[in-house]
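Reading through the structure tokens given below for one structure.
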Amino acid sequence: MNFNTILEEILIKRSQQKKKTSPLNYKERLFVLTKSMLTYYEGRAEKKYRKGFIDVSKIKCVEIVKNDDGVIPCQNKYPFQVVHDANTLYIFAPSPQSRDLWVKKLKEEIKNNNNIMIKYHPKFWTDGSYQCCRQTEKLAPGCEKYNLFESSIRKALPPAPETKKRRPPPPIPLEEEDNSEEIVVAMYDFQAAEGHDLRLERGQEYLILEKNDVHWWRARDKYGNEGYIPSNYVTGKKSNNLDQYEWYCRNMNRSKAEQLLRSEDKEGGFMVRDSSQPGLYTVSLYTKFGGEGSSGFRHYHIKETTTSPKKYYLAEKHAFGSIPEIIEYHKHNAAGLVTRLRYPVSVKGKNAPTTAGFSYEKWEINPSELTFMRELGSGLFGVVRLGKWRAQYKVAIKAIREGAMCEEDFIEEAKVMMKLTHPKLVQLYGVCTQQKPIYIVTEFMERGCLLNFLRQRQGHFSRDVLLSMCQDVCEGMEYLERNSFIHRDLAARNCLVSEAGVVKVSDFGMARYVLDDQYTSSSGAKFPVKWCPPEVFNYSRFSSKSDVWSFGVLMWEVFTEGRMPFEKYTNYEVVTMVTRGHRLYQPKLASNYVYEVMLRCWQEKPEGRPSFEDLLRTIDELVECEETFGR
């Protein structure tokens, strides 16, 4: 952790009111910003005076608050906001210059965070609602597009006449590396789709020129060619950055690791993955001779010494200064492992991640570039077909039936939805809006709908595979929650399965654009009552916490291998039962631990339910815990 101070100043903070009963007050605090923490103290910057802190990596948005000459009940009149986790901290600076400096420095520190918001609330949360859009849910999605890289909403004041005579000195660099060139390494190949794109070749280095967009960066290759590249296809060239190594799999749980190692079926197949304990790593290793002639898996935690400098080891007698050195050593020496690390197993080079659109700022797709193939199915909006874009990339194409959707609203929102990019979300690539019917072009998922996938393979799933499916969905939903985006119709039917068995969340937010009253009215025959909490079927109050309820029902669908919730009851009967406290029964394949997670999702009051962040932490622990599966 780097404790070098970037900024330090006495500011005023408003209480975050994390609970409804929390008082609203304003207190003077000493704020200290470092590379890793924003901390505030009462009086002096000493641990015993610390009143609170925010992990910089958890910050999703920093911006000036628009107040429109409203009353500010404290002496500092220049507010800005720091959005983190599920909370917003309002801070008041003594001058516009002070505020601009804090916003600028904070934005510099969060520019590489992977949780930056798509939309935010530009005005205060006051008296139970946002002053900008009057939404009454604190976790309601933002109402204005947020661009981390744009300058603040307030124009800089013109310099005083005497300062025009000479240029101000350059700012003092925080660290030498801030002024150095940023070199990245391509983790995947990328073919340039448009003239302004730059081709990527796996393993090659590139110089970053601009980061004006979270998802697309401007870069230069070794030949001097310049263009835009997808930011999730490259990683920083640093000795401690594991992403550049073939054997490292960032988002890989125990169950998925075993599936991948088993499919390769090579003696000594291995990978390094993130442990369920944050900041730690696990080596997953496959052997065909795991004892008594059977094949098996071994999972070794990479341990750290308490000495300085810190060292890492799998076998205590063989400690090294870095993780790559450990791997290199054990490639040649078993040294306490069941076998040496012979063959790196990875998804890199096989399944490149999706991109936010096919190219930088390309969201309108020319229909002549689409080739239509077989029909995949039909839904609320119309027929879905397998197709190809430019005869090369497989895509799913939804032809929107006339009168099925509020098209104008959706087209505007599509630009925002395209920027929602996560390995566990079905990617929206673009739309065709210049003709009727309009087309929605998304990522193609080979194994189709999760509900059908479960039903067609009943009796063939292990408990850990089922839990891994829930983990996939929870990861996607945690990303939506982080970006203040509500799904509104989460269910197994609205999740899709890839060729590799990865489950991804689909159709997020689409329920808002349905025009069918039978679907949108809680009394309609098509309304998904069986997936809805009381506040939705009674008052149509959607939030991330209503999505959490639906996630609990989805977990139940998964662990019953695709059964219909409350299958013997009508929607009216379900409303009555749920209102009286009745909940779905425990599936046979669900352990007590897993069913307990479902019950937490079905708490009557929204505030009693966990966040997706909490759920993901719990499920991660269950996935890693062998006892859960009775092994």
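Think of each number as a place in line: the chain as shown, counted from 1.
Each Cβ is built from the backbone N, Cα and C atoms, and glycine gets one as well.
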Among His84, His121 - the residue Swiss-Prot places in the same Zn(2+) site as Cys132, Cys133, Cys143:
His121
Check each of the ranges 39-75, 113-149, 557-593, 594-630 against Swiss-Prot and return the one annotated as zinc finger.
113-149
Listed as phosphotyrosine by Swiss-Prot, one of Tyr206, Tyr329, Tyr539:
Tyr206
Which candidate, of Tyr300, Tyr519, Swiss-Prot gives the annotation phosphotyrosine:
Tyr519
Model confidence over the zinc finger (113-149) (mean pLDDT, whole number):
84
Among 179-239, 247-345, 370-623, stretch most in contact with the domain 'PH' (4-111) (C-beta, under 8 angstroms):
370-623
Just counting, how many other CB atoms are there within 10 A of the CB of Cys143 (Zn(2+) binding site)?
16
Which one is it: of the recorded positions His121, Cys143, Tyr228, Ser378, whose Cα lies the shortest distance from the Cα of Tyr206 (phosphotyrosine)?
Tyr228
Among the recorded positions His121, Tyr228, which residue has the largest number of other Cβ atoms within 10 Å of its own Cβ?
His121
What does DSSP give as the helix, strand and coil breakdown of the domain 'SH3' (179-239)?
4 helix, 26 strand, 31 coil
